[in-house]
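Enquirer: Got a structure for you, written out below as structure tokens; questions coming shortly.
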Amino acid sequence: MNKANILKIVKKENKAVAGSPATYVILIVFLTLWEFLFFRNAFLISTTSLRDLFDWLPWLLLVFVSAVTMGSISKESEDGTMELVLTHPVKEIEFIIGKYLSSLLFVSLGLLFSIPIALTFAKFGKFDWGIFAAQLLGSIFFAATLSALGTFVSSVLKNQIGAFLVTATSGFLLILSGTDFVLETFPFWAAQIVSKISLITHFQNISKGVLDLKDITYFFGFIAIFLSLTYLQFIAKKFGSNKKAYSDVKVGVILISGIFALVVALGDRISLRVDLSQGRVFTLSGATKQVLGQLTDIVTVTVYSTQKLPPQSSQYLRETKDLLNDYKSRANGNLIIKTIDPSKDPVFAQEAETLGIPMIRFNTLEGQNYQSVTGYLGLAVTYAGKSEVIPVIQTTGDLEYQLTGIIKKLTVKDKKTVGIVINTANTQITEYSLLIKELENQFKLVYPDLTQEDVTLPVELSTLVIVGPTADYPPTVLSKLQAYVNEGKSLMLLMDGRQINVTESSVESTAVTANASALISSLGVTVNNDLAYDLELNETVRINNGPISYLLPYPYWLKAVTAKEQHQITSKIDTVYMPWTSSISINEDSATQSGYDIKKLLMTSSHGGISSGTANIGPDAQPENKNLGEQVLAVALQPKEGTTGKARIVVAGDSEFILDRSVQSGPSGIVFGLNAISWLTQEDSLGEIKIKAEPFGTMTFSNKNMPQLIKIGNLALAIGLPLIIGVIYISLRNKLKTGSYK
């Protein structure tokens, strides 16, 4: 095979493509539709993730690649130039590869228009370039596979329109076969096979940010098979089906197909992958490695799973096993992994039930009828006679966090003591259950009642968390709290400056004057009796107007950003949702005199403001668009270097950002709480594990018109650049054609 011949064919094809106006029309239509579909909703949640952009791509590539490849070989047959081309000293395989690479190169150029979108998004928020690289690479693999299919179809059919339709239909079926809608119609064993054959399954795996050997071998195998089939088609036309050359090539194609099928079948047993994400989302975090490295005795992880699982659950099982293998490699022989199918033995079924791992019910196709069947997919961690379980593995996104938390809870003996005090007027301790559950994995929790004058703070208490005090503590209790801080023990005070009262007809606020503020006022920190708002970074509320409901931005439910000077507490955090938070005033002189440095943790954006208690804070509120600037919302007080006997203190002007309902949309509130308490107790936090599953951040804009400018700018580039290049190139080419030569 002569590489020079291949390059000549690629060059010839590229000249033909570049000189055709249809080329630029196809490219512009593809790019316009692709970016339009993405930008319709891109700024509704204001995240820097491009997942939606690449979710649309497979379906659009069906048409784009089919249009590009439909004439790659069939046009030669249609024009009668095939024989002329092959009379040149060019082998059939060189001709096929040249045509294929030319089509792939053109399609790949279209995919590169996602880079300007990534550049603009990265400018306005946290962006994971590793995951974007994986998404782009997965897209190129996907396009390469469809191009191989299109090249083969083009070699079989002489009609270009027919080649377009067959390629698009075949690709559609290969994509559709991997969707839940289709897989649910197959029996379990068949669904597993179909899922592994589908293009979309492997594309989505790479797009997550992981290069897995089984996905790469799938794409290369698919490409090799269809290019081999194309070569076989040429040999059949050249020699006829009875010739030895045809038989030899046919055997080669069968061998390649067999190897490809074997690799796909054994893919689940091959564990070789590369994590491309910048935040190492799919690599064990430092906190996990530390917990595993400190194991001194055997921990047993038992996976209870049924052999016959739906495709999505099978994917979760495979990812769980991959993660557990990573754990085992870091545990220095102190981790044992077992896999049990409870459906095969009543003893195991009873064991799973006793541990709290239930049977899950799902539908499967038997014959022509749907039947409801049961199965298991959960795990138990056992250590020294104690067990903790994950009853049902519904996602693997936070599985590392759950596993590491459970292992630490079971194995760490001398846990530090943290006191939790919930004194808010409108919430109960049960509404903070998610945070408390996470803290129980790391600390011993106690709940002192500060409303009782005879309360005694435990001697071993290392950190006290006071949430939302709205009334004065008894003087004796306040004295005990002051003595506690003076002893150098840590305090976290989440104190609302105003108490919110929500009724069906109004939202009102009253000032909070609780004397807990005295614990920090002498240190130069004051939680103000106001409400902060942010006109740029905020959540939306649903407004009902009769039968019509619509969404409005609500500035008092703001998204706090981390301060420019990074702190251990906020180093992995992008934004924190803080509803009805108050601002914090800082007196650096008082802090210095008390021996403290004040570090800002959370702020509003530059579009933040402050409203008094008399302002309207209802859903239709429109705060003043003046005197805007960054407002401080949370701070940390740490002893000045060289001082001893001083407490660590964290203060925030909001007690609701760690509520269960506040952390439903994202983990950042809980992560802030975990990191803050870990910093106060001087323990390593597991929060970095929880937050690493959020590789993309919230976009912040200094100009409210910027989202529209980004949208228009990228669309203009997608239309204008190909148009300008096309006009210039075709004009120059026509000029050369009509020029006079002497």
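Cβ coordinates are placed from backbone N, Cα and C, and glycine is handled just like the others.
Residues annotated as transmembrane segment in TrEMBL: 21-44, 56-74, 95-117, 129-149, 161-179, 216-236, 248-267, 712-732. Residues annotated as domain 'ABC-2 type transporter transmembrane' in TrEMBL: 56-231. Residues or ranges marked as domain 'DUF7088' in TrEMBL: 279-382. Positions annotated as domain 'ABC-type uncharacterised transport system' by TrEMBL: 415-662.
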Enquirer: Let me spell it out: take the transmembrane segment (56-74), skip the flanking residues so only those 6+ beyond its ends count, and list any with a Cβ under 8 Å from a Cβ in it.
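Expert: Distal contacts: 13, 26, 30, 33-34, 37-38, 82, 96, 99-100, 102-103, 106-107, 110-111, 139, 142-143, 146-147, 150-151, 153-155, 157-165, 167-168, 171-172, 175, 199-200, 203, 230.
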Enquirer: Which stretch, 21-44, 95-117, 129-149, 161-179, 712-732, tops the Cβ pairs under 8 Å count with the transmembrane segment (216-236)?
Expert: 129-149
Enquirer: Taking the transmembrane segment (95-117) as the reference, which of 129-149, 161-179, 712-732 gives the largest number of Cβ pairs under 8 angstroms?
Expert: 129-149
Enquirer: Using DSSP, break the domain 'DUF7088' (279-382) down into helix, strand and coil residues and give each count.
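Expert: Here the numbers are 41 helix, 33 strand, 30 coil.
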Enquirer: Are there residues at least six beyond either end of the transmembrane segment (712-732) with Cβ under 8 Å to its Cβ atoms? List them, or say none.
Expert: 18-19, 21, 23-24, 27-28, 31-32, 34-36, 39, 113, 116-117, 120
Enquirer: Average pLDDT across the domain 'DUF7088' (279-382)?
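Expert: Mean per-residue confidence for the domain 'DUF7088' (279-382): 84 out of 100.
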